[in-house]
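Since the structure comes first, as structure tokens, the remarks are kept for the end.
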Amino acid sequence: MQDNSSHSRESASAGDDPLGIDKLTVDYDYLLYKIRDYVQSIQLDTTELCKKQNEVMVNGIIENTIDKNIAKFKELLEKCDTLENHYEMLNQLAIDNRYFQGKNRRGRK
């Protein structure tokens, strides 16, 4: 009996949101969360690398650590690329949102 009532609730909620705006909202919020997390991670990594680089310069230990630091900076660049991809997804969501808003307005006329 509960299966039928939960199924009817799912059908009703799907009928209430035929364009999937609720899912789009959840996806948007999750994407913002991921972007915020990436930015914080990049910030921490950058700060750590800069501190290490400063220590290297101050202590004069340059030869062996430069290659390691370059590899770390390459990792940071990869994270930045991933972050850029997330922003592109946000932009696509905004385009989709404008499309659905326009479609919704035209449907009401």
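Every residue gets a Cβ built from N, Cα and C, even glycine.
Quick look at what Swiss-Prot lists:
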{"type": "COILED", "residues": "63-95", "note": "coiled coil"}
{"type": "COMPBIAS", "residues": "1-10", "note": "compositional bias 'Basic and acidic residues'"}
{"type": "REGION", "residues": "1-21", "note": "region 'Disordered'"}
Other parts of the chain folded back onto the coiled coil (63-95), taken as Cβ under 8 Å at six or more residues beyond its ends:
24, 27-28, 31-32, 34-35, 38-39, 41-42, 45-46, 49, 52-53, 56
Summarise the model confidence on the coiled coil (63-95) as a single mean pLDDT, whole number.
89
